[in-house]
Amino acid sequence: MNERKIIHIDMDAFYASVEQRDHPELRGKPLAVGHAEERGVVAAASYEARRYGVRSAMSSQKAKRLCPQLIFVPGRMEVYKSVSRQVHEIFHEYTDLIEPLSLDEAFLDVTENKQGILLAVDIAKAIKQRIREELSLVASAGVSYNKFLAKIASDFRKPDGLCTIHPDQAIDFIARLPIESFWGVGPVTARKMHLLGIHNGLQLRECSSEMLVRQFGKVGLLYYDFARGVDLRPVEAVRIRKSIGCEHTLEKDIHVRSSVIIELYHVATELVERLQQKEFRGNTLTLKIKFHDFSQITRSMTQAQELTNLERILPLAKQLLKEVEYEQHPIRLIGLSVSNPREEADEHRGVWEQLSFEFSDWGK
C-alpha cells in the first residue's frame, strides 16, 4: 500500500505578520494584536515580542510587564479572513483535499496532486515560495505520511520552517518528542502524563492501550497510536461543524453567585442566538470557566433531548456551575458550548465528566 503524502501548512505569527506587512513602520518591532487595557488579552504576538516571552492568550498587562515597549494594534478579522482566502487559492492549485484548522493553518493531501509533482516536499517548497512572493508572508510546512506527524513537523523549525518526517524516521523522531509536543496534549493532560512518569514519546509507547484508556478515556487510544506513528484520520475537505460556543471575558473578576448567574444568563442567551442562526442541534453542553489566575476548567453533561433553546440550556448550565468552586477563586471568563450533533451523541447520556481532551476550538 502506498503511503499518503500529507502537508501541514502553518502561517507564522499570522495576524501579527499581516499587520507588519501592511504597516512597514511596525516591522522589526515587538507587536501584539489585541487591546492594551487592563482586561485585554493578546490575540497574537510577533516573533520580536515572543523573544520577551509574550504569547497569545496572555493578559495584556502581563505582556506589557514582560515587554514594556510592546506595541498593541487592534485586530482586523475581515482582513485576516481575506488573506486566508488568498492562501487557500494557492493551495487549490495543487490539491482540493484541504482541511482548514483555522485561518492560519491547514492540512493538504497531495498524494494525488494537480501538478503531477512526485515529491510532497517539492509541493511544500513551492507553496511556501508562492506565499512569500505573492503575499509577502512566511509559512512553515511539515511533510509526512499522516496528519499527526505532518503537524508535528511544521512546528519543528519555525519560523519559515520545512521539515519532512519519513516513515523510516518516525519511530525514532517520536521517541524523542516531549509529551507536551503531542497533538492534543495541553497543560492539564501534560501534568497528568508527568505524574504517570510519561515525559516523552518513548515512555508513552511503553504504555498499554488499556492503561491509557483507563487514565484518559477514549482519547487514550489516539495517544497509543500516535506513539507508534499511526494516524489513520483522512484529510477532510469538508469539515462538519461539531460545536458552537461563545464566551465572555468579564470587565472585572466576579465570585458572588448572583453576579455569576447573571453573566451565565447573558452567555447562554448569546449561545442560543448562534445556535439558531446556524441551525445547529446538539445535546452536550460544556461550561468553561477561566479564573483570575488564568487557570481554567470545563464541565460537560449530555442530555437525551437536543439543546436548542434557553429553557433547556440555562438550567443545565446552572447545574454544571454547581460543580465549580469559585467563591475563593474569582472568575475572569465564562463560556458555554453545545456539541455532539444528532447521530454523534455519546452513549453515556446524563453522566458527569471532566473534559480533558484539549482539541476543542469552541466553534471558532
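Glycine is no exception: its Cβ is also placed from the backbone N, Cα and C atoms.
Lifted from Swiss-Prot, the feature list:
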DOMAIN    6-186  domain 'UmuC'
BINDING   Asp10, Asp104  Mg(2+) binding site
SITE      Tyr15  site 'Substrate discrimination'
ACT_SITE  Glu105  active site
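Structure with Swiss-Prot features highlighted.
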residue: Asp10; record: Mg(2+) binding site; DSSP class: strand
residue: Tyr15; record: site 'Substrate discrimination'; DSSP class: helix
residue: Asp104; record: Mg(2+) binding site; DSSP class: coil
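The 10 Å shell around the Cβ of the residue listed as 'active site' contains 19 further Cβ atoms across the protein chains shown. A gap of 4 Å separates the Cα atoms of the residue listed as 'active site' and Asp10 (Mg(2+) binding site).
Cβ neighbours of Asp10 (Mg(2+) binding site) (same chain, under 8 Å, six or more residues apart in sequence): Asp104, Glu105, Ala139, Ser140, Ala141, Gly142, Ser154, Asp155, Lys158.
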